[in-house]
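According to TrEMBL:
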{"type": "BINDING", "residues": "88, 96, 97, 98, 99", "note": "FAD binding site"}
{"type": "BINDING", "residues": "448", "note": "substrate binding site"}
{"type": "DOMAIN", "residues": "258-272", "note": "domain 'Glucose-methanol-choline oxidoreductase N-terminal'"}
Ligand SMILES: Cc1cc2nc3c(=O)[nH]c(=O)nc-3n(C[C@H](O)[C@H](O)[C@H](O)COP(=O)(O)OP(=O)(O)OC[C@H]3O[C@@H](n4cnc5c(N)ncnc54)[C@H](O)[C@@H]3O)c2cc1C
């Protein structure tokens, strides 16, 4: 990494996570400009929990985690929920569970229908394809030769294999590739891993071009404020080794600090709901009411847990290996549930405290992928204190779908493939009445660590960026990360974020 900062660049990218690594690489390729990337964390290579897929849970709360929390509500039984965010090159894409899925065609067509012109499925497909090197090679849907190697997990763990067998006997179609345009069924997951090692936009996009003459990567550099003068963003202030510094951008600043830190930086720079900014001691520069609103998160249940009949083999792949997309209501057009079978007892601390959960156990963990609940984040003071409230399970529709997901998980567990692995159910308990399951859902719900939507793209008053990802009302400034999703995708958010950055670089290059 470049030890010092030249103080100026054509493009300054803030945040070297999933999106930032793509942006830096593609801006070098698509423009003739110099690129300076500011990343608060350091180099992930050599961190075993980053590189080794089945150790990813060790990243949660590690030194390279920002360690945010979601504030409690009664909807999640008054619990404060840990919100993991990677603080390292590759960002959360270096620390995540390696699931590489795009979601459903309808997710993107929905964005476009709501005003995000140019983000419909047909338009974003080329960017998904450009990003990946899929093991089966190129097709209309999949890409090959791109920076991020994507494979199906090998040597499926018995728990992973059982999910597929049980899903099929339950009535789900078998999906050989979960990244078809309209996934519904069960099959091997796609992961960004190869030969037992994590791949990512860090390993695929950025690391190979580190010595590019037009690139400067400054690590350990935490951006603190955007420099905005006369309606234009001209640079970024940051802190490195406890020392304040600044870099100016002659063409553009692109925020890619993720769905928590991108809106936080805008707010700290006076861009956001003016009254709320004044109330916490920040002078407003631009009244942009949508900044920090519209927060969406997928709840995952940890979980429907089973003591195993015989000693399970050591965990492998990404602890999952397979997945199912399914509907809580057959009338739904798009599957709203995703199931994974986790090879360890991945349960919330409250479930663990209530039920005797043995070590030799696994869970069927349903996630709600189409959420009605909306949250927000806001500053608590001028120095960056943050209140993050996802309002998970605030909407009854979300609770209802998750209760159904537990019932489906119990039905899956009753299929012969799981029945032969199970000694007894550890959680939930014998009472599976609706009231008991509602209570269980509120205790078991954990964040999937998929916050999005806090700098939403659109053309309405609450939009923060326009469909070209330009911050509305400020020149020379874009946001290009998970925060711009108007609505959360109906599957994990990493591949969609990489796609957003691929498209963003094309938009920047187009001027
Ligand atoms: C534990 C975990 C498991 C997950 N599992 C999956 C999964 O299996 N599949 C999936 O699809 N998604 C998963 N996700 C979510 C997925 O990884 C994210 O949606 C995606 O990485 C978001 O990309 P991003 O670029 O928006 O943000 P990030 O990748 O989080 O990148 C933001 C970057 O900005 C840096 N940064 C922040 N603030 C500043 C600042 N002020 N100055 C300088 N740098 C800053 C951060 O350090 C970070 O490197 C998981 C996330 C976590 C944390």
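Just so you know, glycine gets a Cβ as well, placed from its N, Cα and C.
Residues of the same chain lying 6 or more positions beyond the ends of the domain 'Glucose-methanol-choline oxidoreductase N-terminal' (258-272) and with a Cβ under 8 Å from any Cβ of it are 14-15, 17, 19, 66, 68, 83, 85, 91-92, 223-226, 228, 282-289, 291-292, 295, 377-379, 382, 384, 386, 388, 451-455, 464, 471, 474, 479, 481-483. Here the domain 'Glucose-methanol-choline oxidoreductase N-terminal' (258-272) returns a mean pLDDT of 98 for the predicted model. Only 96, 99, in sequence order, out of the binding-site residues 96, 99, 448 have a CB under 6 Å from ligand 1. Taking the Cα atom of each, residue 96 (FAD binding site) and residue 448 (substrate binding site) are about 10 angstrom apart.
Summary: among the binding-site residues (88, 98), the fewest other C-beta atoms within 10 A of the C-beta are counted at 98. The DSSP secondary structure for residue 88 (FAD binding site) is strand.
The 10 Å shell around the Cβ of residue 96 (FAD binding site) contains 26 further Cβ atoms across the protein chains shown.
Classification of residue 99 (FAD binding site) by DSSP places it within a strand.
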